[in-house]
Every structure is written in C-alpha cells, then in structure tokens.
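So Swiss-Prot lists these for the protein:
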type: BINDING; residues: Asp122, Asp123, Met124, Gly125, Leu126, Gly127, Lys128, Thr129; note: ATP binding site
type: COMPBIAS; residues: 1075-1087; note: compositional bias 'Polar residues'
type: COMPBIAS; residues: 1115-1124; note: compositional bias 'Basic and acidic residues'
type: COMPBIAS; residues: 1125-1135; note: compositional bias 'Acidic residues'
type: COMPBIAS; residues: 1149-1173; note: compositional bias 'Polar residues'
type: DOMAIN; residues: 109-277; note: domain 'Helicase ATP-binding'
type: DOMAIN; residues: 464-620; note: domain 'Helicase C-terminal'
type: REGION; residues: 735-768; note: region 'Disordered'
type: REGION; residues: 926-946; note: region 'Disordered'
type: REGION; residues: 1061-1092; note: region 'Disordered'
type: REGION; residues: 1110-1199; note: region 'Disordered'
type: REPEAT; residues: 21-54; note: repeat 'TPR 1'
type: MOTIF; residues: 228-231; note: motif 'DEAH box'
Amino acid sequence: MEASRRFPEAEALSPEQAAHYLRYVKEAKEATKNGDLEEAFKLFNLAKDIFPNEKVLSRIQKIQEALEELAEQGDDEFTDVCNSGLLLYRELHNQLFEHQKEGIAFLYSLYRDGRKGGILADDMGLGKTVQIIAFLSGMFDASLVNHVLLIMPTNLINTWVKEFIKWTPGMRVKTFHGPSKDERTRNLNRIQQRNGVIITTYQMLINNWQQLSSFRGQEFVWDYVILDEAHKIKTSSTKSAICARAIPASNRLLLTGTPIQNNLQELWSLFDFACQGSLLGTLKTFKMEYENPITRAREKDATPGEKALGFKISENLMAIIKPYFLRRTKEDVQKKKSSNPEARLNEKNPDVDAICEMPSLSRKNDLIIWIRLVPLQEEIYRKFVSLDHIKELLMETRSPLAELGVLKKLCDHPRLLSARACCLLNLGTFSAQDGNEGEDSPDVDHIDQVTDDTLMEESGKMIFLMDLLKRLRDEGHQTLVFSQSRQILNIIERLLKNRHFKTLRIDGTVTHLLEREKRINLFQQNKDYSVFLLTTQVGGVGLTLTAATRVVIFDPSWNPATDAQAVDRVYRIGQKENVVVYRLITCGTVEEKIYRRQVFKDSLIRQTTGEKKNPFRYFSKQELRELFTIEDLQNSVTQLQLQSLHAAQRKSDIKLDEHIAYLQSLGIAGISDHDLMYTCDLSVKEELDVVEESHYIQQRVQKAQFLVEFESQNKEFLMEQQRTRNEGAWLREPVFPSSTKKKCPKLNKPQPQPSPLLSTHHTQEEDISSKMASVVIDDLPKEGEKQDLSSIKVNVTTLQDGKGTGSADSIATLPKGFGSVEELCTNSSLGMEKSFATKNEAVQKETLQEGPKQEALQEDPLESFNYVLSKSTKADIGPNLDQLKDDEILRHCNPWPIISITNESQNAESNVSIIEIADDLSASHSALQDAQASEAKLEEEPSASSPQYACDFNLFLEDSADNRQNFSSQSLEHVEKENSLCGSAPNSRAGFVHSKTCLSWEFSEKDDEPEEVVVKAKIRSKARRIVSDGEDEDDSFKDTSSINPFNTSLFQFSSVKQFDASTPKNDISPPGRFFSSQIPSSVNKSMNSRRSLASRRSLINMVLDHVEDMEERLDDSSEAKGPEDYPEEGVEESSGEASKYTEEDPSGETLSSENKSSWLMTSKPSALAQETSLGAPEPLSGEQLVGSPQDKAAEATNDYETLVKRGKELKECGKIQEALNCLVKALDIKSADPEVMLLTLSLYKQLNNN
C-alpha cells in the first residue's frame, strides 16, 4: 500500500482511511498549486484528522502563516501609479523616482484613452528603460497585454536583459538575436504561443520582419511594439523604418532622448509611425504649414510677422502632440525636486521612500575650446578654399559634400587625407599600395613613418589635447575622448601609449558584445585607465561610463544630438562628481559653421518640444549658409558673440577657475560656455502684439490645424487597406525586378517615404478624391504642369489544395474614369488570374513601344524597370541588392512597372505543390481529411480575403516636390527581395506551405497540451516554501537554478530590487499555461480577486521555462530525435535539408518545434495524446528511443501507478533517460501530481549535467 510504503507507522490505518488520506493530501497539493490556500488548508486538516504526522502539520503551519500575512496585507500589495488607474506591485513602485512614476502614468494614459501610440522622450539618463519595464509589469499583472516586441540597437540587448532580471525577475523575456537560427525561432515561438517580451535588434528586424509579423502562416498582431533609440527611424524611407512599419501592432511606443536631431520632418516621421498616421497628416502639409514657418521664425533676420507666425504655429503644434508626447530634462527634474522637497513625506513608509529620492545631479560645465589652426593647416585650408587646382589635387569627386569632408579633415589633422594627397602636400611618401587604401583604414601606413612630434605639430587640436590629457591624468580624472574618425583615434592612441597612458578603446571594429562589456567594466572599476577612446557613433549610445568625469569631443557633428548623446555617457544618474566637457572647435573654419548650425537646430528642438517658448536667435539665414567663406582663422566671431552674452553667467568654483586659467595658458583663442546657450528667453511681447493685430496669423494657424486633422481622419480610413497591403506583405512572394534601378539624374534627393498615409495637395477636392487610393501629386518644375502616372498593382494568391501558393503581381495602367479601387476589388476574384495575366502582357507590349516617346517628353527623366518572376532575374539582381545599407534610401524612380507571369514561375509553384502533396500521401487518412476540411473552409471565403490575397489595387501619383513620401508596399518588396536573395528571409514559400499543411494538427493539439503548475499566492519571503513536498523536494527544486540561462540572481531574495510580482499573467486561453489541462475555470477566476503574481509563482514560471528550453536543447541534440524535433527553419532554408528527417517519419508529417509547447514531449512514442488526436498510426518499433524499456512501456502505457513505480526503480538503478521516459508518459496520463513533476525536474537537471 502506498501510504504504508511512505509512512511505516501508518500500517494501523485501514485501507479506506489510507485512501481518504492520500486523496486529501493530493487535492490539497493541487489547491496549493492553484493558489486556493483556504481550500488547501481545509484539506490538509482533514488529512491530519485521519493521520497526524510532522509533514502534514508543517504544511498546515506554512499555509496558516501565509493566510495571516495575506490578511494583513490585503489589497495594499499593489499601488495605483499617480492615480492613473494602473496598479503596480508595491515593492516595485516604491523603488521608482517620482518622474518615473509620472512617465508610467503617461504610458498607461495612452492605453486607457485609446491612443494608438506615443513617444517617451525623456532626456538621456533619466531611466526610460526602467519606466518601460515597470509599465509592462503592471500591464502584464492586469492581463492587459500578452505579447510585446522590443526593438533596439545591438549593444543595448544585454542592458535590457539585465534590467528585466533586476526589476521583474518573473517576466518571461526572450531574445530574438544571435547566430543560432533555431534558438531565435524557438524563443519567438515561445513568446507567440504564450506571452511575454521578445527582444530583437534593428538589423534582425530588417532580415526577419516576415517571421516577426507572422505565426503559423497567419498574421501575428503584437500588443505592443516598442522601439528604443527610436531616432533610428527618423527618416522613414530607411529599411529600418520600412520594416518596423510592416510589423502589425495594436500599440506602438517610441523611446528616444533626441526626438528631433536635424529638422521637424524627423518629428513627423516618429509620430507618423507611433500614431499610425492619425495625428500630423501628410508630410507635405506638415512641412508647408508647420515646419517652414517655425524654422524661418528661428532665424535672426526673420521679420516680426514671421516670428509671430512661427511662435503661434509652434504653440499649436505643441498642443496637438502634447497628449502623445512626454519629455523631461535633467534640469526639469532637478528643479521640480528642489521646489517641492516635502512632496513625499505623506507616504506610509518614509524609510523606503527615502531610498527612491531622486539623487542630486552634479554640476556640468560644457566648454567650447576655440583652437587656432597651426600654420601648415591654415596654409592648406586657405589654398583649398580659394584655388581650384588645389581642390582637384585633393579631391576625387567634385561635390559640396566632399569638399566639406576635406575641410573637416584639414581642421582635425592633415594626415587624415589620403596617402596620395599627403604626398602632394609634402607630408610623406606615397607608394602604389597606398593608392588603394580605404579612407577609414585602421592602420595608416603613411602615418607609421612619422614621428610623434611631427604628428602633434601638424594639428592645433592634437597639441592642445596631449597637454590637456596629461594634466587630467595628473589630477586623477578619467576621461572619455570621442571622435567621428577611427584614424584620429589611431593617432591619439599611438601618442598616448608612447607617453605611457593606460587606454581602452571601443569603435566599430569591436563587434562582440562581451568584449565591449569587458572593456566598459574594466574602465568603470580600474582607475588606472585614464583615457577611454570611443567613436561618436558606436560609443555614444547606450553606455554608462560614470567613472569618467571629463569628456572631450574632438570634432563636432552636424547633428547636435550626436554630441549630446556622447556627453550623457558621463552626465547621468549615478554621476557624483562635477563633469567638465571640452568641445574642440577651430576658429573661422567649417567647424565653426557646423557649430552655428548645431545651435540653430537646438533652438528648433527646444521650442518644438516645449523646453523654451521663444529661444534666443543667434544667427541669420545667411550666416548659417556661408560654409565655404574664409573668416579670421585666428579668432572666432562666434566665440566673441557668445562671450559677450554669457560670460557672467558661468557656474564655477575655485578649482574650475584655476583649470580654466590653465586652459587659457595653452595658446587657445578663447573659451565659451555651451551649457549657457538659451539660458535667457526672449520676451514674447513683440510676437504677441503682432498676433493680436494680425487676423492673417490666426487664420494660418486654424488652416494648418484643420488640414492636419482632415488628412489624419482620411488616413484612418485608409489604414485597413494599407495594413493588408503593407503589414500583411509577409503573405506575398517576393517580386524580382529584371533590371537594376538607376538614380534619377536631375533629382538631388529622391527620397520617398514608406508612409501608410495619404500624401495630399492643398485643395480639399483632391483630399476627398483620394480616399480610395494612396495619392501623391507630382509637381514638375513649372507650376501647374502635372504628370500623372497611375498604376494598379494586383496581387493574386491562390490556394492549390492548401499546398501551393500562386502569386501574380500584375501592373496595368488605370484609364481615366475607370472607377474606384473599391469597385475593382469587388469585381475581381481568384478566378480572374488568367484574364489579368493576358491583359498585362498586352499592356507590357504597349508600354515598351511608348516608352522612348514618353521619356523624351518628360522634363524630369526617370528610369523605368520591369518586374519579371524568373530564375535568371534572381541571379542577375543579387549582387546589386546586396549593396543596399540600412540608411540607404529605397527609391522608386517614376516607374512603369511591368510584370509577366512566366512559365518558369508557374512551374516552380506547381512543383512545390506536387512535392508537398507527395509528401502528404503517406499521412494518415484522418489527418488528410482534417487538412482538406481546413482548405475547403479557406476556399469558401474568397470574397472576404480577396482584398488581401487576391487583388490589391493601389493608385500612385508621384510628387517630386515631396520627396519624402514613399510607397511602403513597394519598399517592403525591395527589402523582401534583398533578404530572400541573400538567404536571410525567414519565411520561404515552402515554409508557408508547410505551416498551412500542419495548421489543423496544431489547433487540434492545443487542448491536449500539458500545462504549467504555478503558485498563485501573494506571499512574501516568509511563505515562500508553501509548495514544498519536503526537504528532498525543496532541494530538487532549488537545483533547477543551475539551468537558468539568465542569472542565478533569480533565487537571491536579498536584493531589494529583485521583486517577485510582475510576471506575465498566465491566462487559460489556448495554448494552456499550466501543467494540468483540467484546472477548472472557476478556480482561476477566484485566483484573480486579490492575488498578485508573487514570488513563488514567478520563479516557478521561470524555472519551468528554463526546463523547457533545456528539454528542447536535449531533443535537438539527441541522435534518435523524431521528425517533430527539428526546427521549422529547416523547411524554410531548403527543402533538401529536411530530407534526412522526413525519411525517418513514416507518416510524412514534419512537425515544427513550435508545436512542442509542452515541456513533457521528448519523443514520438511518449506523445500518446497527440497521436490520438491526429489519428496517426502507432510508431514503428524502430522509432523507440535508444535504450528505452520497450517491454515495460508497452505493457504500462495507460497504467499511471506502474509507470511511476517503474520510473523510480530505473532512477535508483542510475538509468536516468529510461526513468525520465517513464515519468513523462505518466505525466501524459495524469499531470497534476507535484511529486512526479518535481522528480521529473530533478531528472532533467541530472541529464543536463551529465
């Protein structure tokens, strides 16, 4: 008898009493797992009445303590964040700063009020990461979200993962990143099947946007898509922006410390993405009605009327974006704290609150060091600007941008020029191999031959920098040195090493994340490293280097935000020392002009984001445009102007005054204070007086607001159509152009935007007429002359027995008065594919004949190209597409696209269908019937799906005046083509066909999946051992921490920030979340009354997740793994790769790893419930796992007790794998026994260690 075997002293019990005792104990354990502590308490007491023993009494005591603690805590476990309505776990809430709580309340207000998205634009270093994590914690706890996609630069992944572990250790967080395609797919499927957060990078998004936007052959809509460093999509025609738009999402959040970096069009791009086109109208209207007046008003020579108009338009823009936009600077936070020091005294626990008080930031002095060029630099600089033959010698291409590049290099160091140019300037020798040397070569041979003294004497900046760094090292400061050029860092590194400096360096060549982390930690912990060399683009984002107290910006950037990002690596929360920044700028050169433009852009940022109502105007339009004029190279006009304005405002102390006196002794031209810019606002009285007198200004503001609102409403009407064309683009096959694109010869910047929005002209009639199509109006150089190029893009997708997928992208010219797009969609169907193909062939011939005539007539000649679906095309275009970079603009130069459906493409489709059908002939009859039923169901609804699958018409009229507009669907196709050609497209035709084939199996399996057992109790550290089955079980459970791939800190409860709530709430929707699929819904309902996702449940969820990961890794590495164990990507990459697996599968079903949501499935013989649901034949004996006890398993398939007993015996004999097989089968029969589950966990752990 079981009871007597467990407890020898229980032999006095009758069989009936023993059975009752075991039943009560079992039911009490299940109640504990389900979080029903009252029921568990009652059942354990009943068991105690039958047979009192120490084990039962200890459990009763633990549950009683937990119930008492819960009664004391009540609903205070959660706290309403700033009375917003979002409840946040109290321990987490108490660790947040006040401004962070306000940020979380803002994020929740977006969701609560039905806004589709927003921008959190807090200054760098104020904790945007923590705000997002805490917000997601509250949303998951309240079951308001299930699936979140988080996109960020590569170097921030480790930071985010660590923050998630630190703040919400129970949240399910996976990464979609790294070299292992199988691991990426498994992590993504785990989040999509259940719930949680998936973290990926912008480059992964570009390569795998199709995979991220789909699941099992269907569109997958994320609850939230969150972009960190969202200024990556500031230009909406880049591949990052296009692919981000293709991800279906209910809500979108953007995080950036620099929402505007160059112009207001970047702000429009961010809001257009975040609000899905429903806020700021079209780019053309925004540029005309908002950007141009605001920009003109910021110039020093603007008229009073222009200043007043810009002021009111700026106010109106701020009012529009205010509900969707939140930005706080460090200065704002500090001022608010100092003005209200008693704000937190009314909290219940002031001791805890004191921990969360915003620390005082140290003082920052941002100095501009104006440096004179040395005679050699000045001579070359003057000759280059004034003499054409010098330009010809030093430049390979004649363009203003290239000229500016050469001038910038001359300001920094003449040796930055090519080896050939240095030879012509008598700066060194020139050899043949130097001619092929790259501009950014890390090892510059012609510099290696130059002495240190010569390198220093040739650059005024280098002379100053060496003296400065020596002084800072002697004073004990650690310094960051930023430059945009790796060659400059090479020179600085060489000079410093020869002077015995200990230096570290991070630039674009340090690609491994672990190596970056190692160098950062070394600098933070070791004071001996006095200088850290970084490139501005790589080292200026996402790093925390608060060990340094001095920052040197060697060369200014065109973008003020770039330099500001670099400074904020040091000046952020956690910095306790005063910070001094040195920006090195040469007098009278192009660098001074760049700095002027920085100041001007900064004024736009401050006014538009609400930091300043009317910032000071420093420069006129003419002063900003004079880039190539030579001014006084010994003194700076800008420095003299700023000194006269701000000299008396500098915040200083004795040490800083002494240091500035030392800097003046180094022969510099002067010092000005960058941090004092815009410290004094201009009076708005002048502007307000003009506004009151001018009825015109009020009308302009009303007109601008009306146009934006009107266009935004029209765009909402188009969103569904655009979504089916753009965000559902993963359903289409790639279309390969037959010829490469050529740049338009007369367009400087043909940069179309991938916007799902209308691009309208100025008249309301055109706005209204464009409701049914995306319209972009092309204004040719002469006003009034328009060239309308209309095209219809037809996508036809057919389901051939649910296997093959035929697609034909046909382009035809839309005749005038042909009717609306909606009518065309209504009249079309899947059966019209042949007629469309015939018409397109005729159109193709006519277009080819008329092409030369039309090109001759065009004032703005644009190239045309053809789309042909053929194998030869794929091979021809491949090398050209690989040259596209992430920031390249994807253009469509006024195309007359033509698509012909060739025999090759049709044959390819039919071959795929034949292969898939042939593979399925060996499947069981019932499985085929299920598949056919689902196919028939899909084919019965052609009218509902035809706009998305069959025919999708889009009318495009190009607008060259609005170069930023784009056709996102075509751009996505270009990204898709590029990815598919280079082998990185995640979903091939075979992959989608396979997913459709297995669709019926996947849905039928959901109800049979075992589920996780978790503790649903609001219990702190005192009651954390409720679910223990005794000391042995506790030990076995604790041992599972060794398989945690994140961090062992999940089980270190001493840290105050490792909270136990904020886990993804496990709902009961399929697929199941618990081990037992038989947990009644009423139990789960009662659990949500006042319970939090407390520590034990959170940690158990994490452990079970890690066990599943381990199991899948074991399955993947098993020599005898079944066909369902290999990842789905084997099908995606090539059909030939899966052949060796399909040979082992008698039923012909290739089951993907995403279907193994149960942690119990290790082999086909053990998946009895799945075989039953599929109706598949019993597996052959040859498919049994190596060494499995076939005789015992065959006899005891449905005998739970026998399987458990056999498993224990095998475990005692040391046969881990065989014991695991038996226990897995037992759990398939009855999965609610915690003793067997914990024993299985222990076996998995032992097997993994072995």
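Using the three backbone atoms N, Cα and C, a Cβ is placed for every residue, glycine included.
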Show which residues of the chain containing Asp123 (ATP binding site), separated from it by at least 6 in sequence, have their CB under 8 Å from its CB.
Gly257, Arg327, Arg328, Thr329, Lys330, Asp568
Given the ATP site residues Asp122, Asp123, Met124, Gly125, Leu126, Gly127, Lys128, Thr129, which other residues of that chain have a Cβ within 8 Å of the mean position of their Cβ atoms, reported in sequence order?
Gly257, Arg572, Ile573
According to DSSP, folded down to helix, strand and coil, what is Lys128 (ATP binding site)?
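In three-state terms, Lys128 (ATP binding site) counts as helix.
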Using the structure shown, find which entry in Met124, Leu126 (the binding-site residues) has the sparsest Cβ neighbourhood within 10 Å.
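Lowest Cβ count within 10 Å among the binding-site residues (Met124, Leu126) is Met124.
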Counting every protein chain present, what is the number of Cβ atoms, excluding its own, within 10 Å of the Cβ of Gly127 (ATP binding site)?
19
Determine how many residues of the repeat 'TPR 1' (21-54) DSSP places in helix, in strand and in coil.
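Residue counts in helix, strand and coil order: 28 helix, 0 strand, 6 coil.
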What three-state secondary structure does DSSP assign to Asp123 (ATP binding site)?
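Note: Asp123 (ATP binding site) is coil by DSSP, not helix or strand.
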Once the chains shown are all counted, how many other Cβ atoms turn up within 10 Å of the Cβ of Lys128 (ATP binding site)?
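So the number of other Cβ atoms within 10 Å of Lys128 (ATP binding site) is 20.
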Around the C-beta of Gly125 (ATP binding site), how many further C-beta atoms are within 10 angstroms, looking at every protein chain?
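The answer is 19.
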My understanding is the cutoff is Cβ-Cβ under 8 Å with a sequence separation of 6 or more in the same chain; which residues meet that for Thr129 (ATP binding site)?
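In sequence order, Thr159, Trp160, Glu163, Asp228, Leu255 meet the Cβ cut-off.
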What's the number of neighbouring CB atoms sitting within 10 A of the CB on Asp122 (ATP binding site)?
22
